[in-house]
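Student: Once you've had a glance at the structure underneath, I'll fire off some questions.
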Amino acid sequence: MAASSSSSSPAAASAPFAAPGPHRRPGLALRPSPPTPPSSSLSCCRASPAAAAVSSVSATAAPNRGPRGMGLRCRASEGAAAAARKEAPLKVMISGAPASGKGTQCRMIVEKYGLVHISTGDLLRAEVSSGTEIGKKAKEYMDNGMLVPDQVVTDMVVSRLSQPDVRERGWLLDGYPRSYAQAQSLESMKIRPDIFIVLEVPDDILIDRCVGRRLDPETGKIYHIKNFPPENDEVSARLVTRSDDTFEKVKSRLDTYKQNSEAVIPTYSDLLNQIDGNRQVEVVFNEIDSLLQKICENASFNMLAKTNGKPQDSKDTTASKNEFRGIPTRLNNIPHSREIRKYFYNDVLVATRHAVEDKKTRLQIDINIPELNPEMDVYRIGTLMELVRELSLSFADDGKRVKVCVQGSMGQGAFAGIPLQLAGTRKILEIMDWGEYGAKGTFINFGAVGASEVDKEDDMFILIAPQNAVGNCIIDDMKAMTDAAGDRPVILVNPRLKDMPGSSGVMQTMGRDMRLKYAASFETCYSFRLLFYAGSFYPIMGALRMAYPNKYEIYRRVDEPNGQERYVLLEEFVEKPTPDEITNAFRPRKNENEKSASGFWGFLSGIL
């Protein structure tokens, strides 16, 4: 296969399945330890004054009957988790129009996560009443009926963010920044949230919430004539409308909010999460809470990796079934570096093992990084072989006998004998280095795809890229093989099972529905594919990932000012998202009745 040019380092261009040497195992792939239960309420970004010091990672020797002997299974201690929380306090920005329910959500966030709630209104009043230098400047403008300049407000916010309690507990910045200049000032000081939440409520609902409000001048209590009426006629008789709650003033405040929001949102587009605020308070908070929990989980794993002095590796330290540590960058540099390839091998391995441990028996792996995308001219068969070797050796470590199956040449018809794309891979597998522990021929054996290849001593089967081709439908052979395998796991690695024409050029219509149904019966345990503009492979716009037992995750690739890049989680789906759902994840949310637009945001229409 042809390899495209790249600017990657020489190490990145190393042979994709080079032997590791006679005195080394070809790849260490140990069994992940059982998942630990999550902490209550997942307040993992809330710092505790009594946080314990970092404890060392405890390792327990796990006896193993596989070819590579004993493996260590490590688990990070709770002390390390506490240190992670202390080092990575949660940082949240929240925005919402008047009467959007923002104040209520802020109270609930602070109550659960212990963040310091910072609003510019409160800051202004506190600074002015305290007579600080910043407060005196602000008072001068306010006394003269002028707006306080952006820089003065920013100085107040930055001063508050630098206080020990904020640095210890994290912060919730309420309604700030309100202008592009304020946002850029924070950016220039590298003050950036983990998430930017926007509460969205239709204009007519917002106006009704405000215009319908009534004030009890005796108690100061706020009522609403429809949503929260007074207790009795006596209270009702003394209610008054606040001067700010007329239709004209509410509409003016709403327009001002929209202008400010439109100016700020582009700065935080990669962190933006728009929440439907026109629901019950608890429902809105549950959605916000799930987003914050996700951030906390990711922060904990990153910090645990840092405290252990090395990148977290799922093969020797596993804290839960959600140990994902982010998507590697520079995936458009081909060939991929050894580090990137090993990263994906580990990611696939952990997800697959979780599925097998959960008694799943018909599994499918779909990984389309550039080196494994058959539609690109850089398809590297060695990368696929390395992945299969890692999977096989990992299960062999547990004493399982793995049959690795490769599809041969075409069978019947005019094209009989013509080799498939991967027809030579069995020979490659046989000459690869399988270590010095005698795995090949004992715990790992090779065969073709078919019922005759299923032996009673086989514990599981890995099928390498089974594919239908013109004149040859592999599905019938696969079905016979899985029937013979019974309840033993069968794992398909990058299958291509769409129906193809027969050797005469006529679609094989007989049994087509049954074949497609069988092909769809395999449960995806791992899926990763990059997202591009339609009809191209550059630039990378984002990624779609699923690692069992987690949901499908859509990520946006974001360019950093220093020439770096990162991937930001946009949305999650229980089922594999449709092209329209993926496209919509990359665009601001619209009314549910509006259809997805084509054009610029239709770039993902052909990816799946």
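Glycine too: its Cβ is placed from the backbone N, Cα and C atoms.
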Student: Please identify the range among 1-44, 397-440 that Swiss-Prot labels region 'Disordered'.
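Tutor: The range carrying the region 'Disordered' annotation in Swiss-Prot is 1-44.
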Student: Taking 212-245, 246-279 as the choices, which stretch does Swiss-Prot tie to region 'LID'?
Tutor: 212-245
Student: Under Swiss-Prot, which of the candidate ranges 119-148, 149-178, 479-508, 569-598 is annotated region 'NMP'?
Tutor: 119-148
Student: Looking only at the region 'LID' (212-245), how are its residues distributed among DSSP helix, strand and coil?
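Tutor: Split by secondary structure, the region 'LID' (212-245) comes out as 9 helix, 8 strand, 17 coil.
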Student: Please count the residues of the region 'NMP' (119-148) that DSSP assigns to helix (H, G, I), strand (E, B) and coil.
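Tutor: Final tally across the stretch: 22 helix, 1 strand, 7 coil.
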Student: Check the Cα distances from ARG242 (AMP binding site) to each of the binding-site residues ALA99, GLY101, ARG209 and keep only the ones within 10 Å.
Tutor: none
Student: Distance between GLY103 (ATP binding site) and THR120 (AMP binding site) at the Cα atoms, whole Å?
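Tutor: With distance taken Cα to Cα, THR120 (AMP binding site) is 13 Å from GLY103 (ATP binding site).
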Student: Counting Cβ atoms within 10 Å across all protein chains shown, which of the binding-site residues ALA99, MET146, VAL148 comes out on top?
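Tutor: Counting Cβ neighbours within 10 Å, the top one is ALA99.
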Student: If you measure every Cα to Cα distance among ALA99, SER100, GLY101, LYS102, GLY103, THR104, ARG209, ARG213, ILE222, TYR223, the residues said to bind ATP, what is the biggest one in Å?
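Tutor: Pairwise Cα check on ALA99, SER100, GLY101, LYS102, GLY103, THR104, ARG209, ARG213, ILE222, TYR223 gives a maximum of 17 Å.
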Student: Just to confirm my parser: what is the rounded mean pLDDT across the region 'NMP' (119-148)?
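Tutor: Over the region 'NMP' (119-148), the predicted model scores a mean pLDDT of 80.
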